[in-house]
Amino acid sequence: MTVQMIFLAFFGGAALWFGVVVFRTHSMVRSALALLFSQTAIGAMFLVMQAEFLGVLQIMMMATEMSVMAIFMVMFMMDPGGMGKMDMTHQKRLSLWAGGIGLLAALLLVWLPDWGPVALSVPGAHEQAADLGRELLGRSMFIFQSAGLTILTAMIAATMVAIVPNAEQRK
Amino acid sequence: MSIVVVLVSLAAGAYVLAVIERWAVQGHLSLTGPAWAALALLGRESLLARKSDRLFFELGPVLLLVAGLMAVAVIPLAPGLIITDLATGALFLNAALAYVLVALIMAGWGPNGAYAMIAGWRFLGQFIAYAMLIVMPITAVAMRAESLSTVEIVASQAQLWNVLYQPMGFALFVVAAMGLAWLPPLDLPDAAGELAGGVEAEYTGVRLAVLRLARMVIILALAGATVTFYLGGWLGPWLPPWGWSAIKILAVAAAMLSVGRYMPRIREARYLALSWKLGISLALANIFVVGVIALVVPI
């Protein structure tokens, strides 16, 4: 139990530290990849907490998602390499308030509700994957399918809004 | 104990693969060639580009090697001879290989050179072209085995290998694997013809040695994955299980390395168009067909 706690704290610390690095660096690519390693550390925390499927999924998904984000940051920002010492922070007062309120809300969510008794045994990894599959194809199927469709619609709509029509199309 | 055996076999396999690659590319067989080449690389000056992103430049090749080693960890060479038999092995293999992309972006961005950078981002641009064709065939393989564990996947092929059960998935997986290991004719991230070496262009000396070693490990991992998912893993008559694994993995790797000699390099736009339009449709059809077979005639 103690070893587990030490690893959990280590990866938690790593996730926080990389989260800080996101805003401390001047380079867009470093910022995006710092966010990736922050998320990877959270995936490692899942693994430490014996949620194998969720951990591996988190580690896999974030690698590709954050890389895609990196290329968009490079494409749209004026100083992607950070050679002009661009500051990653802006609207500091608003950000501080938003961050503070977010932290408070998260802590209240952790402390206030009654989470019930702590589970003493964790189902095996095989069983977890099977249970997750049943959940996704049963009770939660409608939620996940509608979320997927919404995201797809949003992606298509965002792409359409982003494309600037050329002179011929404007006629 | 398994870790030591697997790592030693991996080192030996990487060396044999280097010999085969030399043979396939240069046309003559030299058993000591790769050793001399490695010594020469280690002795050479390791240049650092001006205004490079030092952290990424150094970490790129190392992350590539780590990704390859992680992928190898879930490939079974014989019953019991596997570093870790995860319940989510097939998914874990995918997760490890996703970091090949991250490593190439780092290695491309790091040296502050145009060719390398274009090559790194190009690999990201190809992402759907290889990653989807790795994930979707694996889904069909896991459907038949009713498990993500690589050991169970091999065991599920006792009656009939997956290469015969789902040949379309096999073809898609091998092509995608060659794209992921950037092997000719899909070697677009180091495209010798147009990008003068691409991600490898700015690496010299010991850093290049690590990059090349990492690539050998990734080729072996992908050959191992092909054998595990489609060619029955360690299964086979007469020989001991590890013998079958070794023969099959080296044969698949040698075949992957040799294809480039007989095919022209594919254009990037064509590779992307084929993968998006044809590859993904075929992969979805493969999942459907395998699902129907699994329900109607379970073998």
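Each residue's number is its place along the chain shown, starting with 1.
From the backbone N, Cα and C atoms, a Cβ is placed for every residue, glycine too.
According to TrEMBL, the protein carries these features:
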- B:55-78: transmembrane segment (TRANSMEM)
- B:90-111: transmembrane segment (TRANSMEM)
- B:123-143: transmembrane segment (TRANSMEM)
- B:163-183: transmembrane segment (TRANSMEM)
- B:217-236: transmembrane segment (TRANSMEM)
- B:242-262: transmembrane segment (TRANSMEM)
- B:274-297: transmembrane segment (TRANSMEM)
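Long-range contacts of the transmembrane segment (B:163-183) within the same chain, counting only residues at least 6 positions beyond its ends with a Cβ under 8 Å from a Cβ of the stretch, are 97, 100, 123, 126, 129-134, 136-138, 140-141, 144, 157, 189-190, 215, 218-219, 222-223, 225-226, 229-231, 252, 256-257, 259-260, 271, 275, 279, 282-283, 285-286, 289-290, 293, 299. Listed stretches B:90-111, B:217-236, B:242-262, B:274-297 were compared with the transmembrane segment (B:123-143); the greatest number of C-beta pairs under 8 angstroms is found for B:274-297.
Contacts between the transmembrane segment (B:55-78) and the transmembrane segment (B:274-297): absent, as fewer than 3 C-beta pairs lie under 8 angstroms at sequence separation of six or more.
For the transmembrane segment (B:90-111), the residues of the chain that approach it from at least six positions outside its boundaries are 49, 52-61, 63-64, 66-68, 70-71, 73-75, 117-121, 123-124, 127, 131, 134-135, 138, 141-142, 148-150, 153, 180, 189, 198-199, 201-203, 211, 214, 218, 221-222, 225, 229, judged by C-beta separation under 8 angstroms.
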